[in-house]
Structure formats: C-alpha cells, structure tokens
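Copied from TrEMBL, the annotated features are:
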DOMAIN    54-247  domain 'YjeF N-terminal'
BINDING   100-104, 161-167, Asp190, Ala281, Gly340, His387, Asp450  (6S)-NADPHX binding site
BINDING   Asn101, Asp157, Ser193  K(+) binding site
DOMAIN    248-504  domain 'YjeF C-terminal'
BINDING   Lys420, Gly421, Pro422, Asp423, Thr424, Gly449  AMP binding site
Amino acid sequence: MGCRRRSLRRRHRGCRQWADGGCCRRRSLSPARSAGYQGNSALSGAAILTAEEMRAAEQAIFDSGVAPYALMETAGAAAADVIWRAGGVRDTLVLCGPGNNGGDGFVIARLLKARGVPVRVAATGESKTDSSQKARRAWAGPVENIADAAPATQIVDALFGIGLARGLDGALAQRLGELVDAAERSYAIDVPSGVDTDGGVLLSPVPRFDLCIALGALKPAHVLQPAAGTFARLICADIGIGANDAKAFLLTPPDLAEPAPDAHKYTRGLVDIVAGTMAGAGILAATAAAHAGAGCVRHLAPEPTSRLPNAVIMVTAPDAGAVTKALQDERIASVLVGPGLGRSDEARKRLSAAVTAGHPLVVDADGITLLEAAPDMLPVGTIITPHEGEFSRLFGEITGNKIDRAREAARRMGGVVVYKGPDTAIASADGRIAVWHGGSPWLSTAGTGDVLAGICAARLAVTGDPFLAACEAVWLHGEAARRAGAAFIADDLIAHIPAAVAARTQ
Ligand SMILES: NC(=O)C1=CN([C@@H]2O[C@H](COP(=O)(O)OP(=O)(O)OC[C@H]3O[C@@H](n4cnc5c(N)ncnc54)[C@H](O)[C@@H]3O)[C@@H](O)[C@H]2O)[C@@H](O)CC1
Ligand SMILES: Nc1ncnc2c1ncn2[C@@H]1O[C@H](COP(=O)(O)OP(=O)(O)O)[C@@H](O)[C@H]1O
Ligand SMILES: [K+]
C-alpha cells in the first residue's frame, strides 16, 4: 500500500480539549462539591495518576514542608466528611490495614466518632508505617479483629490502597465481602482493597462498594475495567495534591461551536464514507456523520441503496478505481473507511484507495483488520477506532494497562487511537491521553462502533484536529447513548446525536 505520510494540522484550532477544557488543570472535587456528586461525568478533566506518579506528587508536598502525618490527617478528614454527609450517624465499622490506607481509616474513625457517629474499628494486625501508627494512637478506642468483628450498617474499607502488592489472603477477601454484603452502605478509601491500582484488574475477589473515595487524584483503577466496576459511585477528594505531571486525564465534555454565520456545506466539512459489501455498517456510519455536524456526507458504495437518509449523497463506486476517482475532490475534509468494508481483495483495494487519497482519515472495523499488523502504513494523524480484538490484531501484545497500550499504539502509528470498550482510551502520538468511562452499558450492541466512526469522521471534518475530533466524538457518542435510554439499537442512537451536539454548543 503506497501510503503518503503527511500532517493533518491543516485547520488546527488548538486543542481546546486540552488547553481550555480542563484536561491540563487539576480539578479534583472538593469534599463540599463531592457531596452533590451525581455521576461519573462530573469528574471531567480530572487527572489520572499511577501509584508511582501519586507517590511523586505526595513527595512534592512533603518536600514543600508538609509532614506525612499532616497529609494523612487531611486525607482522612476529607474522606470522613464525605462519609458523614452520605451516612450521617449510622453505626460504622472501619476496617484498617497495615499501611497508610489503614492510617487513613484510623483518622476517619476518630473524626466520625467526634461527630457523634457510633464507630468501631477492626484491623488486620499491627500498623506498620510511622503515620499509621500515629493515627492508631490518636484513635484511642478498642481495635477488634476483622475475623470476628460484627457487621455494621456502614462499612469503611481502609485495608489497602495504592500499596497493595498482591491479592488479599482468601480469608480476608471473604470477610471483606461478607461485611460489605451485610452493610447498607459501603465505602472504599482511595481504591477498593484487592484492585490493582495501575492495572485496573482484580488481584483477589472484590465486593461492590456503594462509593469509592479517591484521595488526591484518580488512579487507573478508577476508570479502567474491571476495577472501575467494583463501585457504584466515585468521588475524588481534594487533599492538595498537584497533578501537573499527569499524563492521562478524564475525557472532558467538549465545547462545540455553531457553524460560522457565512458557513456553507463545504466549509462545514465534506465527509466521504468508503463503504463496502456489508451495506448496513456503512449506512450507519454515514447517517451518524450527517447528524454530527458535517456539512455534507457522501456514501461511496459498490451498489446503490435506498436505506440512506435523503441528505446523504449516494455515489456508486463499483471498484477501487471509482473510489480513487471520487476521492480526487479538494473539498473533502475527511474520509472514513472500514465499516462494512469486508475483507476481500477488492476491500483491500478500496482501503488502499482511501488511505492514499491524501485526506484526513478515519479507519475502523475491517479497515483496521486489513492493515495486518502494519499500523505505520497509515498517514500521520489518522484516527483509528479499534475494539479489543481489532487492537490486538493490529498491535499484538503491548504491555501495561489500557492507557499505556493506547499510548504506545498511538506512538507506533503516528496518529490517534480510540481504544474502545466500556472504558475508552483516546491517545495521540504526541502523548496526550483522555479516558472515557462510566458510559451506558447499552452501548454494547451491534453497530454502535459504526456510529462512533461516523461521528469521528464528522468531527474531523469540522475541526481538522484528529485528537480533538476523537475526544468530541467519544463524548457525543456516550452522551447520545445516555439520552437514548435502555435497549436501543445503533439506528436509534443516531437520532440522539443532535441533542448531544446541542448540549455542548455555545
Ligand atoms: N503517602 C502518604 O502520606 C499518603 C497516603 N495515603 C494513603 O496511603 C495509601 C498508600 O499507603 P501505603 O503505601 O502504606 O500502602 P497500603 O496502605 O495500600 O498497603 C501497604 C501495606 O500493605 C502490605 N501489603 C500489600 N499487599 C498486601 C496483601 N495482599 N496482603 C497483606 N499485606 C499487604 C504492604 O507490605 C504494606 O505494609 C493510599 O492508598 C492512601 O490511602 C493518604 O493518607 C494520603 C497521604
Ligand atoms: N459495556 C459497555 N459500556 C459502555 N460502552 C460500551 C460498552 N461496550 C461497548 N461499548 C461502546 O460501544 C461501541 C461498540 O463498538 P464496536 O465494538 O466496534 O461495535 P460494532 O462493531 O458492533 O459497531 C464502542 O464505542 C464501545 O466503546
Ligand atoms: K481501600
């Protein structure tokens, strides 16, 4: 495939997603704001720090003269405040582990008790860090053994945080599960005990908590599955951590602009969809693109179809030569290839025609599979939208969590990777990463990926900025799904895209 590498920064407007949208600023929720928290989307733009990055951020605070125990008091106070607001004076059992997470637990217990909450504490054994020993001494009440501690209306899990090195012992994991199941409300301090902070996997069985109170910053386990599925709600409590060195951020809702007063359909963006033999997918993508802000959409398919909206221009392109010819149009602002393309030799030629046409490009589905482990064949700045299977086929084994894998994949291909799933990592070759999570699980239905690819192509045509376009598209897709409610099909989802666009248009 004779691909040309070129920059797509033709109409770069600056990545507002990054510069103004909050991604580069720390916006942890203060405890007061946390109390009104209704859903994960409220955490937009928050930094996501690995355990190592978190320790470095904490160290920076210590270096500035704050004592470790003072930071633990701040963390415990922030968490206790959230629990107090959520649970009032319900009887509470705080489970404390051997490290600083356990130390937070002792602070929480003391502060809740001071507010009149009936609190008991149960520990795994000795407290092993200076700060946690200090916090334990300040508790001054009895410390029960977890194995035989009676259940309580509220359970606070302060067993292990970012220092968990391996799964919990079987008996401890089981006891934690029993106590959480028996409680009306359960809170995990920093991360649920048993999750791997960076990997986002479960190292031992983890019960489902009502609320996870992240301390200082989000960690990968708060946004990556399966760990992010171990709590119903998430709050990030501000403890003064600076997250300037963060490399990954939560996806922030986009700020979209209305078309210019003198806009016409071509200045708003002409999108060409290079479709193939499986008609439905290309139609979904074209219809979605037409609803996501593009000025004009053309559907280049081997055969005519009566199933396109009237607004989409149908171009019959029976072979790759016809595709190449159709794409020789200077007005084209983006091309999407892949949905419904098929995997035949003819499909391969159509892919080649799209890739070599020299327009800003989005590659999805069969287009990704046909690349056959050669992502660097794509023009610089291309957006690809693989799900797990397509990602593995294209990039093989890459170590690390989903964020790391997306980052490395984007570097290898020199473009933007939208690594899809219940958690979606959007990575740019220049190192920027935004993570979307907490979306409607009803999205797990056939054809929604085609819809996303169409939205990506539309936003690329509108913005000319691949990373911005991908971020906007993922957010709009998720928001359309939220508005679509339950048991929608991909066709239904499209009807909700304009409302999602309207919600973010100034
Ligand atoms: N560094 C600090 O000063 C602050 C830390 N904070 C809290 O401290 C936590 C991190 O504290 P630590 O680094 O002490 O780590 P943890 O408290 O998460 O646990 C570490 C301890 O558990 C042991 N351990 C690890 N896995 C185990 C397993 N499966 N079974 C039995 N023992 C196991 C380790 O050997 C170590 O003793 C954070 O998550 C947060 O809750 C907050 O208080 C904010 C300030
Ligand atoms: N459980 C889930 N929760 C939220 N979003 C999901 C979930 N499962 C899938 N999605 C989203 O739905 C879309 C599915 O795309 P894809 O797997 O390509 O499906 P298809 O090929 O059928 O179009 C992606 O945008 C993905 O992020
Ligand atoms: K915990």
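Cβ from N, Cα, C; glycine included.
Caution: TrEMBL annotation is automatic and unverified by curators.
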DSSP-derived class (H/G/I helix, E/B strand, else coil) of Pro422 (AMP binding site): coil
Binding-site residues near ligand 2 among Asp157, Pro422, Thr424 (Cβ under 6 Å): Pro422, Thr424
PLDDT averaged over every residue in the domain 'YjeF C-terminal' (248-504): 96
Binding-site residues near ligand 3 among Gly103, Lys420, Pro422, Asp423, Thr424 (Cβ under 6 Å): none
Candidates near ligand 1 among the binding-site residues Asn100, Ala165, Asp190, Asp423, judged by a Cβ under 6 angstroms: Asn100, Ala165, Asp190
Nonlocal residues around Gly449 (AMP binding site), in sequence order (Cβ under 8 Å, 6 or more apart): Pro339, Asp364, Ala365, Thr385, His387, Lys420
Additional residues surrounding AMP, by Cβ distance to the Lys420, Gly421, Pro422, Asp423, Thr424, Gly449 centre under 8 Å: His387, Tyr419, Trp436, Gly439
Shell of the K(+) site beyond Asn101, Asp157, Ser193, same chain only (C-beta within 8 angstroms of their C-beta centre): Leu95, Gly97, Gly102, Gly105, Ala158, Leu159, Phe160, Gly161, Ala188, Ile189, Asp190, Val191, Pro192
Local backbone state of Gly103 ((6S)-NADPHX binding site), from DSSP in three classes: helix
Under 8 Å by Cβ from Asn101 (K(+) binding site), counting only residues of that chain that are 6 or more apart: Ala158, Leu159, Phe160, Gly161, Ile162, Gly163, Ile189, Asp190, Ser193
Other C-beta atoms that fall within 10 angstroms of the C-beta of Ser193 (K(+) binding site): 28
Asp157 (K(+) binding site): secondary structure state under DSSP, collapsed to three categories: strand
